[in-house]
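Trainee: Summarising the annotation, TrEMBL assigns active site, proton donor to His97. Here TrEMBL flags Trp31, Ser65, Phe66, Glu67, Ser89, Val90, Ile91, Phe122 as 5-amino-6-(D-ribitylamino)uracil binding site. Positions annotated as (2S)-2-hydroxy-3-oxobutyl phosphate binding site by TrEMBL: Glu94, Thr95, Arg136.
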Amino acid sequence: MATANKNLSVYDKTTIPNAKNFRFGIVVSEWNSKITEGLYQGAVDALLDCGVPEGNILRWDVPGSFELPFGCKKMIATQQVDAVVAIGSVIQGETKHFDFVCSATAQGIMELNVQSDIPVIFCVLTDNTMQQAVDRSGGKHGNKGTEAAIAAIKMAALGR
Ligand SMILES: Nc1c(NC[C@H](O)[C@H](O)[C@H](O)CO)[nH]c(=O)[nH]c1=O
Ligand SMILES: CC(=O)[C@@H](O)COP(=O)(O)O
């Protein structure tokens, strides 16, 4: 199902585990900050709505999406968190750089999920245009940050 057929901000609280004792990390890319700040706000709003205390949310910033895997790895290694949300916005430019940044970031985050016991949620928009990014960070298609926060709660609770 494409995002166009699904609102990213819709969730059923009856299906979400109790999150009040979990600690969440959020690593935010500074590139396209208008987009990443919207994603961050969507994630925080959802965590708070699901009962996560504000003091249980830790934010770190990194320069770009390519640095997200390292930032998440360092957070997992040095902080007590039950899940991490990696937030980025990659937008196609004139060159193939988009392809390399997207694939490296996705691969790096996937490898973290394989290698560590702390789930890392892929909240990286990879859009052809700024409008597509706006539409998915609080616009007409909802907020990928909301979706990522709900995924983080569910993954933190997995097996508990
Ligand atoms: N063009 C975008 C980038 N590029 C920067 C890289 O992510 C990285 O910070 C740089 O190559 C230094 O290692 N990053 C994004 O997050 N979004 C973009 O659209
Ligand atoms: C994803 C990118 O790195 C890209 O936005 C950079 O733009 P360009 O390909 O025009 O250098």
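In case you wondered, yes, glycine gets a Cβ from its N, Cα and C as well.
Are these features on the surface or tucked inside, and what touches them?
Mentor: In the three-state DSSP reading, His97 (active site, proton donor) counts as helix. Counted within 10 Å of its Cβ, the other Cβ atoms near His97 (active site, proton donor) come to 12, all protein chains included.
Neighbour density for Ile91 (5-amino-6-(D-ribitylamino)uracil binding site): within 10 A of its CB lie 18 other CB atoms from the protein chains shown.
Within 10 Å of the C-beta of Thr95 ((2S)-2-hydroxy-3-oxobutyl phosphate binding site) we count 8 further C-beta atoms, all protein chains included.
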Trainee: Looking only at DSSP and grouping its letters into three states, which state does Phe66 (5-amino-6-(D-ribitylamino)uracil binding site) belong to?
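Mentor: Assignment for Phe66 (5-amino-6-(D-ribitylamino)uracil binding site) reads helix.
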Trainee: Nearest to Glu67 (5-amino-6-(D-ribitylamino)uracil binding site) by Cα, among Thr95, His97, Arg136 (recorded positions)?
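Mentor: Closest recorded candidate to Glu67 (5-amino-6-(D-ribitylamino)uracil binding site) by Cα: His97.
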Trainee: From the recorded positions listed here (Ser65, Val90, Glu94, Thr95, His97), select those whose CB sits under 6 A from an atom of ligand 2.
Mentor: Val90, Glu94, Thr95, His97
Trainee: Scan Ser65, Ile91, Thr95, Phe122, Arg136 for binding-site residues whose C-beta lands under 6 Å from an atom of ligand 1 and note them, or write none.
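Mentor: Correct list: Ser65, Ile91.
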Trainee: Restricting the comparison to the recorded positions Ser65, Ser89, Ile91, His97, Phe122, which residue's C-alpha is spatially nearest the C-alpha of Arg136 ((2S)-2-hydroxy-3-oxobutyl phosphate binding site)?
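Mentor: Considering only the listed recorded positions, the nearest one is Ser89.
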Trainee: Among the binding-site residues Phe66, Ser89, Glu94, Phe122, which residue has its Cβ surrounded by the fewest other Cβ atoms within 10 Å?
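Mentor: Ranked by other Cβ atoms within 10 Å, the binding-site residues Phe66, Ser89, Glu94, Phe122 bottom out at Glu94.
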